[in-house]
Amino acid sequence: MSAEPVKQGISDIRRSARLSVAPMMDWTDRHCRYFHRQLSRHALLYTEMVTAPALVRGGAVHLLEHDPAEHPVALQLGGSDPAELAKAARMGQAAGYVEINLNCGCPSDRVQSGTFGAVLMRQPALVAECVRAMQDAVDLPVTVKCRIGVDDQDPEEVLPEFLARIVAAGCERVTIHARKAWLQGLSPKENRDIPPLDYDLVRRMKQLFPNLHISINGGVARLEEAAALLDGGLDGVMIGRAAYHQPWDILGTADARIFGAAPPQPGPEAAARAMLPYIERHLSGGGRLHQVTRHMLGLFAGRPGARAWRRHLSEGASGADAGPELVEAALERLAEAGRDAA
Ligand SMILES: Cc1cc2nc3c(=O)[nH]c(=O)nc-3n(C[C@H](O)[C@H](O)[C@H](O)COP(=O)(O)O)c2cc1C
């Protein structure tokens, strides 16, 4: 794979956004994204959320480091201060990201205390100000990831108003996690499962805002479901947990099924081997094997030998001198277990 950045125009990004991998803290780090990029050349990838205060006040520019081969990648920012977000967006543009996304969906306590994430669903005027400030600061698309509402809000009422405000502020693309967040009483994990999904409301938003590129998110477990949502008129589907836990089933078949393009790898074994040069580079720079391979544990999910692969890789990878040969050995175990099962 080329190490040159993929120069993407806005129409290319809109096309990539037909299928995206959700921003996920501690999961979609640079190693995960590099791995996902071996599986799909076209899907849009998102960083973990990076807070604007960490970048602007904390000077934590290392949080922006990534490999150009990961592109197209969008940077997700957390924050609610328009001027600070504008500065952070500029830093993201300088670092090479193709889109800046504002997190209005994350319900965690830590995030609530900083007034960002899902609590911003209550402050559409402030979100619009943030979007406008970021859009004025960069030449990239500024997008928003939101919920359908929070707590006792009526999504039928607040979601159209929220969208109208951000559209007026210059946002042309949004991802809607199709459930409420309950800010009191539910953990972030419960907030990804318990509030019911309302896909119909998101579909109605597409009718109400025909020019807004709308991606739906939440509970999509199989690529076929994503294809059906696209066929039903939505512009994009964002997948989180399923893409992480079953990366081959979702991303390995996405280029053929969603983008009408040749898949980069013929199968999951080849995808594992495609990671070896990257792993070698990472190790020679002082990194640990586990930092990369922890994202690859689900590569054979649902296939014979998946457990042997997962076990061999997870048990061996944290050793200080674990190297790429462990990946080859785990592939051997997978093949043996597959033969035993046959
Ligand atoms: C481990 C984990 C971390 C997450 N971190 C973020 C985050 O940083 N920003 C964000 O907007 N959403 C975050 N989310 C929510 C996902 O982006 C997504 O909206 C949610 O998982 C629902 O999609 P899914 O059902 O396809 O997983 C996180 C989800 C998980 C599982």
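Glycine is treated like the rest: Cβ placed from N, Cα and C.
Quick caveat, the model's predicted, so the values are computed rather than measured.
According to TrEMBL, the residue from Gln76, Gln93 that belongs to the FMN site alongside Pro23, Met24, Met25, Lys145, His177, Asn217, Gly218, Gly219, Gly240, Arg241 is Gln76.
The Cβ of Arg192 (site 'Interacts with tRNA') lies under 8 Å from the Cβ of Gly218, Gly240, Arg241, each of these being in the same chain and 6 or more residues away along the sequence. A gap of 9 Å separates the Cα atoms of Cys106 (active site, proton donor) and Lys145 (FMN binding site).
In the three-state DSSP scheme, Arg307 (site 'Interacts with tRNA') is classed as helix. A count of other CB atoms within 10 A of each Cβ picks out Pro23 as the most crowded of the binding-site residues Pro23, Gly219.
Considering only the binding-site residues Met25, Lys145, Asn217, the residues lying within 10 A of Asn103 (site 'Interacts with tRNA') on a C-alpha to C-alpha basis are Lys145.
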